[in-house]
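Look at TrEMBL and you will find 5-51, 118-462 tagged as domain 'Amino acid transporter transmembrane'. The transmembrane segment annotation in TrEMBL covers 20-41, 124-143, 193-212, 224-241, 291-312, 332-361, 454-476.
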Amino acid sequence: GLVYMFNLIVGTGALTMPKAFATAGWLVSLILLMFLGFMSYMTTTFVVEAMAAANAQLRWKRMEKRKDDEDEDSSSGVSDSDVLLQDGYERAETRPILSVQRRGSANIFEITERVEMGQMASMFFNKVGVNLFYFCIIIYLYGDLAIYAAAVPVSLMQVTCSVTGNHSCSVGDSTKYNDTDKCWGPIRRIDAYRLYLAAFTLLLGPFTFFNVQKTKYLQIMTSLMRWIAFILMIILALIRISRGQAEGHPSMAQLSGIRNLFGVCVYSFMCQHSLPSLITPISKKKHVNKLVLLDYILILAFYSLLSFTAIYCFRNDTLMDMYTLNFTNCEIISVAFIRYFLGLFPVFTISTNFPIIAVTLRNNWKTLFHREGGTYPWVVDRIVFPAITLIPPVLVAFCTHDLESLVGITGAYAGNGIQYLIPAFLAYCSRKDTQLVFGSGTVNKHLSPFRHSFWIVFVLIWGFSCFIFVTANIVLSESKL
């Protein structure tokens with residue numbers, strides 16, 4: 001579970017981090033990265049606590065229902081032994097084998113059932129809160145898809161245009177290309193980008209209209225490729241620095257770059273929405289918070305190593321939005337296979353994730369508009385929902401391929417909501433609900449180490465002030481332009 005969490009957090013966001021580090025300055029970047037890592041860990045413990053409270057609520061409701069059923073059965077004259085035998089047999093058949101073996105150690109707050117964030121929102125929030133939750137997660141997933149839809153064509157354009165042009169392998173050198181520069185013959189770079197975007201949409205778009213299942217081997221392959229690529233980039237940058245070929249002279253602090261860095265860092269620590277799927281299958285959850293903390297420390301060290309080797313190895317103005325593209329230059333690496341592997345790395349990994357996120361977004365749209373007991377007409381279910389999932393991110397990618405800004409805005413707005421505000425509200429509302437149902441003396445065994453209400457208030461103030469800061473920064477930078 002913790003290996004999966006590491007793989008989930010260390011994703012595409014990490015590839016845009018070196019450029020954001022260089023723009024904001026190394027000291028500011030390091031302080032902000034450590035602080036946001038701490039904040040993300042705190043809200044992770046809030047989500048785990050809310051999951052335990054949700055499990056307790058579901059268990060309590062079942063116990064109440066069973067009590068009512070037993071009262072009805074005893075009044076209808078059915079013998080108790082028949083009911084117990086039948087009930088015991090059915091529960092043994094439906095209960096997972098592991099929990100049958102551990103029947104004696106049941107605690108009402110044990111996390112045995114997967115309760116997704118949407119279900120927790122509907123349990124603990126009012127109608128407005130539930131709608132705001134879905135709005136936030138939908139905006140975040142749209143941002144994710146737009147980033148993915150832009151990252152693949154950008155990588156393909158950079159690799160293929162440099163190969164066919166006069167600069168046979170100078171993608172990562174100091175040459176700055178404009179979108180209007182020629183790529184192949186009369187075709188400009190922006191035209192090549194849009195052709196690749198169209199091909200990407202035609203190849204992967206249809207998956208949105210179906211269900212994506214059995215992706216285990218794809219995920220294993222993607223994780224393996226990700227590790228090889230990240231370790232290669234760190235080693236290559238270190239070799240270059242040790243040989244005295246480093247060109248980077250990063251500044252200590254540049255406040256103008258904080259907005260993008262903030263969004264990138266928030267995006268790069270995102271895992272809260274996937275915690276139910278990651279934590280629930282872990283059998284012994286006694287020390288889960290300590291192990292998650294260890295995960296966060298490792299991720300923090302990994303991000304710092306990747307970003308610091310990047311900003312000291314390459315000049316600020318040559319760092320690409322997608323860091324892998326800095327390694328497609330012959331001067332940096334002479335082995336053609338490694339150049340192409342790193343240059344096309346985002347194409348392979350992102351292409352496997354795009355259909356999964358698209359299907360998740362489509363299902364969230366369906367849940368948002370779902371009415372109890374109602375079904376959708378075939379056209380709405382199979383055509384309208386997939387279309388409203390696929391078209392907006394492709395249009396955004398068609399209009400811009402500025403990955404740093406896309407990651408920054410997605411992380412700073414929707415990411416801020418999912419990572420800070422929703423977990424804080426979930427922790428607050430679940431604590432209130434637990435006190436109402438079980439009384440004030442009951443203690444949740446998965447209660448967050450940050451149990452004082454000060455921490456919830458602190459996270460909420462931080463989350464809302466981030467919204468204001470990022471919006472003010474965007475407005476000010478736009479007015480300067």
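Each residue's number is its place along the chain shown, starting with 1.
Keep in mind that glycine also has a Cβ here, set from the backbone N, Cα and C atoms.
If one looks beyond the transmembrane segment (124-143) by at least 6 residues along the same chain, the residues whose Cβ comes under 8 Å of a Cβ in the stretch are 50, 53-54, 117-118, 273, 357, 360-361, 364-365, 367-368, 392-393, 396, 406, 409-410, 413-415, 417-418, 421-422, 425-426, 429-430, 433. Across the domain 'Amino acid transporter transmembrane' (5-51), DSSP classifies residues as 44 helix, 0 strand, 3 coil. Between the transmembrane segment (291-312) and the stretches 193-212, 224-241, 332-361, the greatest number of Cβ pairs separated by less than 8 Å involves 224-241.
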